[in-house]
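Features of the protein shown, as given by TrEMBL:
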type: DOMAIN; residues: 62-363; note: domain 'Amidohydrolase-related'
type: BINDING; residues: His70, His72, His227, Asp301; note: Fe(3+) binding site
type: BINDING; residues: His70, His72, His227, Asp301; note: Zn(2+) binding site
type: BINDING; residues: Arg79, Tyr137, His164, Gln230, Thr306; note: 4-imidazolone-5-propanoate binding site
type: BINDING; residues: Tyr137, Asn303, Gly305; note: N-formimidoyl-L-glutamate binding site
Amino acid sequence: MPSTALTAIGTLVTNDPALGDGPLGLRRDAAVVFEDETVVWVGDSAAAPAADTGVDLGGRAVLPGFVESHAHLVFAGDRAEEFAARMAGRPYAAGGIRTTIAATRAASDDALAANLARLFDESVRAGSTTVECKSGYGQTVADELRSVRIAGRFTGEVTLLAAHVPPPEYAGRADDYVAMVIAEMIPRCAPHARWIDVFCEQGAFDRDQAHAVLSAGIEHGLVPRVHGNQLHQGPGVRLAVELGAASVDHVAHVSPADIDALAGSDTVATLLPGADFCTRNSYPPARALIDAGVTVALGADCNPGTSYTTSLPFCIALAVRELHMTPDEAVWAATAGGAKALRRTDIGRLTPGARADAIALGAPSHLHLAYRPGVPLIDRVWRAGAVVHAGLPR
Ligand code: NIG
Ligand code: FE
């Protein structure tokens, strides 16, 4: 089994408090050893065991690969004009999704897969070593089926976003659309997905419709996650908690009762500040959520409508500047938090037994991710022990 030793790490984020300081389990002058696809040793650089390959990090920071738990990457076209109009004052509404539905339905499988490959590659170069991927721009049985199949070529974390917005042929008939989703779409698509998602929002699906779709998904073995409370206060957060969803995502407009419900649950609040940035939406009350004890993840929410970015470093900077998270909290949320949102214990940490997914920064500590916004600091990325991105030598 090939082994790799990363030595002379300036700051190592392990996300294991037993291995170092604070919730990030920080160690200085550290080393990590991978064997094949797995982390087998973490300790002081001076004590690192020999390995087939040695990588001297020269004081750079190393952290677990980012876990992107919210991405919409199966689509065609873009909505740059809609973005420009929004920046000129037009508000964002759920209906913009139909523009991308039309483009996606018209695209070939090859074109969709090529776009997905491009965005996966972009995500890896931004440090994401796990990427969840949603369907949702087909909204017919055939188009959702090909969307989840294509997503499955790239990731095991496939989400059937069966009810994103009622498509044009169901205009004014959302209940009929939901009935079709339950009778036909979920049974056909569930074998190709792990998660079921729904957009519970004004102009998309109401509580009862969302409940019906998620319950049907659960009956077919899928685990729920919810787009909730993005644009308005509404029932999304409480529905997610009630159904034991893995996460409720966006959480920008919440009441104290929503925060209490989340705090007493296992549902992760996944914050997507890139979407709030690109829609001039309010940012989620991250401080109130964290201080209440809610588990928070950060996602980039890459999609052509509200957040056309794959960059979790950008979202970490936003989380610190705009959501008042500490840099440590933001880094945790983009790594361990994302892993919790995906109910994974093998990723989001650098501890013996974890998958060897790691990032080396062109900087001495993880603080620089927020401190140097917009600077491409992702120097090198390993996924399952293999180098999947190598930046310029410095
Ligand atoms: O996460 N909110 C729903 N879905 C996406 C936006 C989709 C779109 O506008 O195309 C989101 O923001
Ligand atoms: Fe989304």
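Each Cβ is built from the backbone N, Cα and C atoms, and glycine gets one as well.
Taking the features listed in TrEMBL, we show where each one sits on the structure.
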residue : record                                  : Cβ contacts under 8 Å, 6 or more apart
His70   : Fe(3+) binding site                     : Glu132, Lys134, Ser247, Asp249, Thr270, Leu272, Gly299, Ala300, Asp301, Ala341
His72   : Fe(3+) binding site                     : Cys133, Lys134, Gly136, Tyr137, Leu161, Asp301, Cys302, Asn303, Pro304
Arg79   : 4-imidazolone-5-propanoate binding site : Gly96, Thr99, Thr100, Pro304, Gly305, Tyr308
His227  : Fe(3+) binding site                     : Leu161, Asp197, Val198, Phe199, Cys200, Glu201, Ala204, Gly236, Asp249, His250
Gln230  : 4-imidazolone-5-propanoate binding site : Phe199, Glu201, Gly236, His250, Ala252, His253, Ala275, Asn281
Thr306  : 4-imidazolone-5-propanoate binding site : Tyr92, Gly274, Ala275, Cys278, Thr279
Residues flanking the N-formimidoyl-L-glutamate site, with Cβ no more than 8 Å from the Cβ centroid of Tyr137, Asn303, Gly305 and excluding those residues themselves: His72, Phe75, Arg79, Ile97, Thr100, Gly136, Pro304, Thr306
Cα-Cα distance, maximum over Arg79, Tyr137, His164, Gln230, Thr306, record's 4-imidazolone-5-propanoate binders, Å: 19
Listed binding-site residues with Cβ under 6 Å from ligand 1, out of His70, Arg79, Tyr137: none
For His164 (4-imidazolone-5-propanoate binding site): intrachain residues, at least 6 apart, with Cβ closer than 8 Å: Ile97, Ile101, Gly136, Tyr137, Gln139, Val198, Phe199, Ala204
Annotated binding-site residues Arg79, Tyr137, Asp301, Thr306, filtered by Cβ under 6 Å to ligand 2: Asp301
Model confidence over the domain 'Amidohydrolase-related' (62-363), averaged pLDDT: 98
